[in-house]
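Q: One structure coming up, written as structure tokens, with questions to follow.
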Amino acid sequence: MKVTVVGAGSTYTPELVSGLAAQRSRLAVDELVLMDVDRGRLEVVGGFARRMLAHQGLATDVRLTTDRTDAVRDADAVLVQLRVGGQTARLADETFPLACGCVGQETTGAGGLAKALRTVPVVLDIAEEVRRIAKPDAWLIDFTNPVGIVTRALLDAGHRAIGLCNVAIGMQRWMADLLEVDPGRVEVDPVGLNHFSWMRRVLLDGEDVLPRLLDGRMDDLRTRLPFPEHLMRMLGALPSYYLQYYYLHDRTVAEQRRERPRAAVVADLETELLDLYRSPTLVEKPTQLEQRGGAFYSEAAVDLLASLYADEPTVHVINVRNDGLIPGLAADDVIETRCLVSRSGIEPLPQPDVPPVILGPIQHVSAYERIAAGAALSGDADDVRRALLAHPLIGQWDLVEQLLPGFER
Ligand code: G6P
Ligand code: MN
């Protein structure tokens, strides 16, 4: 099997490589093509990937290339994990909304929209090439943010694509830790959109233990989720930590004004990681990588890939079309939900009724995402205004006008 990674110069790539090694019995990758536009980074990350695989005794042939056409040709699966404009563009996304009193975040609010506008056309262009010259049934797995909007654009254009994020698997591993059980016994059941979801059930051996956790383990839950007790108990759900940008918006803005932007922190971390990857003696992913937000990304991505080629279906939380699963959303809206995945297809699992306190915001952000995906295609300034007006964190005309110059870069 030929697997291609577009954006392989990312410091996350060793995550993926360790996932391939861990899943070797489920997924036989004989050719791994690492493609990036940045030759220097590709050499560093690719060299390290080769050492990691050799250390694990894997015979996978690793090819490094800056030629996307060559990378994609005849691939069975293409993973897209790029960041248009790098951390510099991210820094701008995180700072211009703050100047207007809005949250500065790379996937939420105005910053997320700016990222969507420059990213969607690039990913669609890659997808077109995948459709043209990869294997006819090749899958495109998108880890590129904002995953909800990018996946929507990919599916709208008829691509065989799945959007993936590590928030759910991160929650699942954390719940297993709290319960002190093997992660294989725990499933989480989020409802909502990418980076906008509520965990309504935590299943331990199939039984929902979330009410018990909300009752007896609130202090533990609050170590990683910044939400007030009352809020979580009242919802009967664990909001994803991205919900802090909504539920605690003004508080977060005040904090962000005091703190260093995440883009600056990550840029330093990347310099450090790349230095480590250069070391010929390093053969395993360094612990510093855990300081990035993408923990368990490798497990999620490689697991999903293995399931797409397996006979036996397994459950994954992925971004797919709603297709009637959540009444109140359009069939073509893209949601993040549990699905059974196997070589015979993707089957979303039923969701209990979604109460208005959760459904309302999901509908609101879905409408924004629809307009945002359209704006990324049209490039029309009024579509950008419409997206900002429809965003629950913006919505005011004066703010829209103040934010607009931030999109002109
Ligand atoms: C989480 C999200 C990813 C995001 C990452 C940011 O893992 O699910 O979508 O890219 O955080 O992490 P970073 O280390 O770049 O801030
Ligand atoms: Mn994510």
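Glycine is treated like the rest: Cβ placed from N, Cα and C.
According to TrEMBL:
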BINDING   R90, N145  substrate binding site
SITE      E106  site 'Increases basicity of active site Tyr'
BINDING   C165, H195  Mn(2+) binding site
DOMAIN    191-394  domain 'Glycosyl hydrolase family 4 C-terminal'
Q: Kindly state the mean pLDDT of the domain 'Glycosyl hydrolase family 4 C-terminal' (191-394) in the predicted structure.
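A: Across the domain 'Glycosyl hydrolase family 4 C-terminal' (191-394), the average pLDDT comes out at 97.
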Q: What count of other C-beta atoms do you get within 10 angstroms of the C-beta of R90 (substrate binding site), across all chains shown?
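A: Result for R90 (substrate binding site): 24 other Cβ atoms within 10 Å.
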Q: If you measure from the C-alpha of C165 (Mn(2+) binding site), which of the recorded positions R90, E106, N145 fall inside 10 Å?
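A: Within 10 Å Cα-Cα: N145.
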Q: For N145 (substrate binding site) and E106 (site 'Increases basicity of active site Tyr'), what Cα-Cα distance in Å is obtained after rounding to a whole number?
A: 8
Q: Just to confirm: which same-chain residues, 6+ apart in sequence, have a Cβ under 8 Å from the Cβ of H195 (Mn(2+) binding site)?
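A: Once residues fewer than 6 apart are set aside, H195 (Mn(2+) binding site) is near T107, T108, P146, V147, G148, C165, V167, S240, Y242.
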Q: Quick one: pull the CA-CA distance for R90 (substrate binding site) versus E106 (site 'Increases basicity of active site Tyr'), whole Å only.
A: 6
Q: Can you tell me which of R90, E106, N145, C165, H195, our recorded positions, come within under 6 Å of ligand 1 at the Cβ?
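A: Listed by sequence, the hits are N145, C165.
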Q: Just the recorded positions from R90, E106, C165 whose C-beta lies under 6 Å from any atom of ligand 2, please, or none if there are none.
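A: Once distances to ligand 2 are taken from each Cβ, C165 fall under 6 Å.
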Q: Hey, what's the Cβ neighbour count for C165 (Mn(2+) binding site) at 10 Å?
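A: Around the Cβ of C165 (Mn(2+) binding site), 27 other Cβ atoms lie within 10 Å.
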